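Data block below; observations after.
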Amino acid sequence: MNSPLRGIWLWLPLLLTWRAPEVSSSWWYMGATGGSSRVMCDNVPGLVSSQRQLCHRHPDVMRAIGLGVTEWTSECQYQFRQHRWNCNTLDRDHSLFGRVLLRSSRESAFVYAISSAGVVFAITRACSQGEVKSCSCDPKKMGSGKDSKGVFDWGGCSDNIDYGIKFARAFVDAKERKGKDARALMNLHNNRAGRKSVKRFLKQECKCHGVSGSCSLRTCWLAMADFRRTGDYLWRKYNGAIQVVMNQDGTGFTVANERFKKPTKNDLVYFENSPDYCIRDRETGSLGTAGRVCNLTSRGMDSCEVMCCGRGYDTSHVTRMIKCGCKFHWCCAVRCQDCLEALDVHTCKAPKNADWTTPT
């Protein structure tokens, strides 16, 4: 028998442990500080003490993390390029994304996952390139191994992804581990899913040795795939993200809708439904879609109907320079002409009587 109190009990732990997140700075801002690691460590407000200690103790790792911010934010913007919210970052905002990620939404889940993955990727790459004193190539990949093609020798430089994951967990999760509220648990879950996603795409690369390429001896190593593979994977997880509530003892999650499966460690989880992101809203941090380019012939999320939220669009006639008449010349060049191409660009209208700032 289903009790009417059952729903109350499901939500009670969430209500008891929920606190509205505050707009605070994050390690995400490290990519904007520049300068030395000391400048970075001392000028990113919001770092907890253990993060600052790691920052001062490992300046070379912090440089890698700071450079990596540009990579994972660019990947986020690529994945959301055809959506109303396009993972836009805010200049001079210490939180990098503003208020939009205060909501425990699918978008927050994705950003926490992709940022955590980005840290693993950046640190691991820096280790392999000899840019970090405390790590190098994977020391476990030594001696011989065997695969479907036979025996091989471990050689080259296998990416030390275990070090990247370990450091990322210690640094990225530090602030969330200090909190016991629902949002902290959500962030920790999505951080872990992001870290695991990078390791999923480790690939074995080999080089043949022998007379005339006979491959009588193979040397192999493990290498991370391009970060786009991780971005594409997390994008699929975003589209299949699972809405959850806190369980009764407040230590984990249960699905909000019993028809859906329980989330695994690889799934992204969220608590709140997303806003529609149609209009500029200071409360939610949405910049709206006025001025966004839309696709008149598309039926997807980038269509003018969906992107512009039914407000209509303006059309501009523009010209652009393109390469044309390209010919191959022996040997070995391709020569092209410069041509002008005329095209129509469609941009979403702003809401009527709105105090509007066109998003960038």
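In case you wondered, yes, glycine gets a Cβ from its N, Cα and C as well.
The disulfide bond recorded by Swiss-Prot for Cys208 joins it to Cys215 [selected from Cys215, Cys220]. Listed in Swiss-Prot as the disulfide partner of Cys278, from the options Cys309, Cys324, Cys326, Cys331, is Cys309. Looking at Cys127, Cys137, the record from Swiss-Prot puts Cys135 in a disulfide bond with Cys127. Candidates considered were Cys336, Cys339, Cys348; the recorded disulfide partner of Cys308 in Swiss-Prot is Cys348.
For the disulfide-bonded residues Cys220, Cys326, counting C-beta atoms within 10 A of each C-beta gives the highest total at Cys220. For Cys332 (disulfide bond), the nearest neighbour among the disulfide-bonded residues Cys76, Cys208, Cys278, judged by Cα separation, is Cys208. When the disulfide-bonded residues Cys76, Cys294, Cys308 are screened for a Cα within 10 A of the Cα of Cys278 (disulfide bond), the ones that qualify are Cys308.
Under 8 Å, Cβ to Cβ, and six or more positions away along its own chain, Cys87 (disulfide bond) finds Thr73, Cys76, Gln77, Gln79, Phe80, Phe97, Glu107, Val111.
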